Structures are given as structure tokens and as C-alpha cells.
Amino acid sequence: SDLWVQKMKTYFNRIDFDKDGAITRMDFESMAERFAKESEMKAEHAKVLMDSLTGVWDNFLTAVAGGKGIDETTFINSMKEMVKNPEAKSVVEGPLPLFFRAVDTNEDNNISRDEYGIFFGMLGLDKTMAPASFDAIDTNNDGLLSLEEFVIAGSDFFMNDGDSTNKVFWGPLV
């Protein structure tokens, strides 16, 4: 659907950190560096964050890239093929706990509104956009995102061809 393509373009736009038209390992490194700086995290946490975010590239996207950067068309076409595969859900969900760990800066196994705002800042978005996305994902309305809520919302973002509240998982659609 057009909505699904728009969601994939949104994800690509958020992850193409240097806006050079391709997703590369450098985008994930830059994201980790900005996040560590914005959240003023300790050096050991910054290392875990770097490992988590570069792990998304190393473990999941490098196969699509074939050792190079991934342009938007290649990314969208790869995702189209992936979501048709019944086993794709585990591949799509694989990086989500890594992102969760990156966003859960105080390591309490929940993401707070403030942490989600930092996440939006890390993606280069206005932090004031975060509450609407946070509320859409916080299905039990307890003011915290659990790993389960985060993974379900992230998986739905990629796998659901229709409209859902999780379409704003990575912020407003581009």
C-alpha cells in the first residue's frame, strides 16, 4: 500500500543519519554518538549503545547492503520481499530490542516519556513530536513503554500494510 511505502520512506529518512541518500554503518555510529552526547550517558553505556546500534547494521542490514550502502529504493524493495516471507517477523523484530536498549538510557527495562523524547532528538526530530508517538505505542497507558509494547509497535510498523496507531513509531510520516 502507499501507506506502507510511506512508512518505509520514513524509517529510511530517520536512519539515513547523514542524509547522503544511503544507509550505512556510519549512520548507526553517528546515531550512537549523538545519542550518547544528548543523553549525557557514561562512557560504558555509550559503548553498549554503540555496540547495540551498530549491531542493527552488522546483524540485519549488511546482508541487504552487500557491503555497500543501501539506497532508498533498494531498502524498500528488500523490505517488500521480506514482509511477504512468513519467517520475516523474527527478522524484522530482531533489531527492535537493540533499539529499545539504546533508548532505555537508565536501564530500568522501560522507556519513559523523557527517554523517548531523547530518542526523537537523536533521530534529528523535534522532541515535542515524541509524546504523540509515545502515547500511540503505550497501549496499557501506564506512562512507560515495556520491551513488549516497543517490539509489538515496531513490528506492526514494518509488517502491517494497513493503518494503525503504530505508523508514528519513528515519528510523523514523511
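Heads up, the Cβ atoms here are built off N, Cα and C, so glycines get one too.
According to Swiss-Prot, the residue from Glu115, Glu149 that belongs to the Ca(2+) 3 site alongside Asp138, Asn140, Asp142 is Glu149.
Long-range Cβ contacts of the domain 'EF-hand 4' (127-160) within its own chain (Cβ-Cβ under 8 Å, at least 6 residues beyond either end) map to 4, 7-8, 11, 79, 83, 88-89, 92-93, 96-97, 99-100, 103, 109-113, 116-121, 166-172.
Per-residue confidence over the domain 'EF-hand 1' (3-38) averages out at a pLDDT of 90. For the recorded site, Ser1 (N-acetylserine), the DSSP three-state label reads coil.
Closest by Cα distance to Asp108 (Ca(2+) 2 binding site), from the binding-site residues Asp16, Asp27, Asp138, is Asp138. On its own chain, Asp18 (Ca(2+) 1 binding site) has Met26, Asp27, Ser30 as residues at least 6 apart in sequence with a Cβ closer than 8 Å to its own Cβ.
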